[in-house]
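Engineer: Sharing a structure, written as structure tokens. Questions coming.
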């Protein structure tokens, strides 16, 4: 009898399992003992399922329910432990199969709770089974099929549990595995971020699924991106990814807007890859291909520097030759980049890093000689080496190392005069070298100009370098004049005759034994011989002279223009164009515009644009030249010219560039009586401005994405700065943003996506520009032919965007001051335009779009009377039932607002007769009553002022706006009796104790269900 008392009933086990501190392992053992004593296991199965049903109808994640589910899964799978007998496994496995059968029959129930609990239980059962557990193939197939169906459930939580349940049923080695295919679809297309996170945590990495996992690092939700980096760090080896994938992951993660994602990248993925590289930072850099992704590599190094002691970082650069320099023969791209990045990092640490910086950097004098020797060692590409890719690759590697060595100059201490002069001299010497690679010129000039502060000194030095490069001193031989040659020949003949005569006289003297005379003749003969030899040498040798020879080859012009461009970029605008600079313009820049080499023309256009920023007259003089380049040259040069034109328009405005200028005559005795002539000049000027803007705006339709983006950015800047006001161009920008053709233009989409709200909410004038663009934009979309990409754009979505951008409540606080002085808002004017458009074409297909936009407007009470007249006319002409219902609601709302406005006006008049005690309160109420409709809507509309689409998607959820309109209607219906107050003022925050008490009350106790009799 004692043994029977110790047997635990199923009901009691379920009751005890709810308790938070209950030892579930003991409960499992106790209930297992009861199970073994029963002869008829079917009774146990049915009773177990009966009590389990009570928890399966609860959707909320109650702690008691979760504990019971956990207990049930542990108990059922406890019979599959490895130490059980084989016959027991077969016998006791019946409970698991029975439970699976029941769950699989219930997975299609109408109740969300039941479907959720079925998937949860299957997930728990499969997860609690040991590694070597086996189930029937038939049961496996049924579970697989049922959970694949539940992956398409309408409830996200059900889909999540189905994803988790299928994790042990996937076969990553099978390319046709249905589970893997379903995961690959869900991870990209499921609308719920938690479902995508669940798939990320379950999907097994393989060659097929790796791109899907990597793609989630671009997910719109921060939590998904964060988990994606964690999964990649834990489950994917670095070698499994290509270099492009590694660089892309690091670039995105380190530049992510979310700090949590950045931390996940640095803490998990970056540290994991460093462990794969055995802690060797240089080896990690080698696996990132630093030559082609130096910016990403520098970001990686800075992230690693921030978590590594400075003494440890400096250790990698201490393998020097005693001069604090890394030997040239041991320099690699990774070491050079590490050295440069570390120097910049230590420089940024101030006094703390200065001590360590001195350990890895020498004095400027020593470093200057080191840099010069390395640059001189870079080989030159000859014609025979142009086809040798290994030679070219080695040359590019050396150039990359040279770039890093040049960048290290930023970290040198140039405060000492001697070191600074030496460094400047070496930089100038390097720039003059004929073998200097062009890729290093801009880096060298930038460092040179950084050391020199004075603009005039900069101009002087750069001009000298340009002169040395373009017109170097060369020694040449000069042919003598024919007359001089003739004179030398005559002199040579004369010397020869004298030699003959002297030799004959010498023989006679010897014969006569006149030795004194003979010695004199010998000396004379020697002098004549010397004269003959010298004259012979002069005749044979050409005259050598040092002359300046001007070079006009493409490489020389490119170097000179780079020098000029870097100088112009560094010069202050207030400096202007000096005489020296004008000389460079005439001799170098303007001839470069017509060069046959595209690289030279592009640099010349860049220089011309920078010169225009220095002087307005110069800009006006050469503006037409830039326009010509913009129309006829290559794409790259067109882009440079387009940017230069927009820069000059931003600096000086459109006025200086009108070809026809009104010249007011101030001469005595001259009167301007010809008004017609002045008007014609103004018309010509206006036409000129329009032609320029038309030329620029036409590039919005260019097939070249860079030209489209440049034109859109430039026009957006002009509009935002107030230099351009054009609803037509604004309409084209909106259409360009939505156009599916620009879907891949990330920079264009991002630029316009930021521009629209900032521009619209800056002032009422800008909102009026959007108001004017409203109807033309929608009409363009409505009239677009089926073959046009514009036909794919959702007109309703565009209308919602424009309505939100013109909301009076969205204006900046500074801009709202001007709004208060005007009776009608932008939405009021827009409402009138929409109503008139509906009356113009009451049967148009766009009537529903207009009606929906009309119902979303924030209308003031001042407009109610006039708008009601138009609405009555519209109701008589429009036949569409959907539109009629929406218009009726608008009419009712306006009638209420009109009535309230009249009552409030009377109340305001009565308020002026009250005592001074209540005067301030009455004035406050009067302000609230002035625009009751706008007052209620303003607070609720503030949440919907964001853009309705960021990437031109066709369908957009509009539930937020629907809820806002519902709340507005409710507020308006109650405003007859009380003053409408902002919704935010009615919210109260409950104290922590009240929240705790409410939570305790909400906890579900299953005892009342378990006490019911079995049916």
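All positions are counted from 1 along the displayed chain.
Any Cβ shown, glycine's included, is placed from N, Cα and C.
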Engineer: Among the residues 415, 944, 975, which does Swiss-Prot list with the feature phosphoserine?
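Structural biologist: So the answer, going by Swiss-Prot, is 975.
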Engineer: Do you know which of 32, 242, 1002 is annotated phosphoserine by Swiss-Prot?
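Structural biologist: That would be 1002, per the phosphoserine annotation in Swiss-Prot.
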Engineer: If I look at Swiss-Prot, which residue among 308, 931 would I find recorded as phosphothreonine?
Structural biologist: 931
Engineer: Looking at 809, 973, which is the one Swiss-Prot tags with phosphoserine?
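Structural biologist: My reading of Swiss-Prot gives 973.
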Engineer: How many other Cβ atoms sit within 10 Å of the Cβ of residue 390 (phosphoserine)?
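Structural biologist: The Cβ of residue 390 (phosphoserine) has 8 Cβ neighbours within 10 Å.
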Engineer: At a C-beta cut-off of under 8 Å, are there same-chain residues at least 6 beyond the repeat 'HEAT 1' (94-131) that contact it? List them, or none.
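Structural biologist: Cβ under 8 Å, 6 or more out: 35, 41, 44-45, 48-49, 52, 55-59, 69-70, 72-74, 76-77, 79-82, 139, 142-143, 146-147, 149-150, 153, 155, 157-158, 161-162, 164-165, 168-169.
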Engineer: In the predicted model, what is the mean pLDDT computed over the repeat 'HEAT 1' (94-131)?
Structural biologist: 87
Engineer: Do you know the DSSP helix, strand and coil residue counts for the repeat 'HEAT 7' (439-478)?
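Structural biologist: Within the repeat 'HEAT 7' (439-478) the tally stands at 29 helix, 6 strand, 5 coil.
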Engineer: With DSSP, how much of the repeat 'HEAT 1' (94-131) is helix, how much strand and how much coil, in residues?
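Structural biologist: The breakdown for the repeat 'HEAT 1' (94-131) reads 30 helix, 0 strand, 8 coil.
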Engineer: DSSP says what for the repeat 'HEAT 9' (687-724): how many helix, strand, coil residues?
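Structural biologist: Counting residues by DSSP class gives 31 helix, 0 strand, 7 coil.
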Engineer: Tally of helix, strand and coil residues over the repeat 'HEAT 2' (138-173) according to DSSP?
Structural biologist: 27 helix, 0 strand, 9 coil
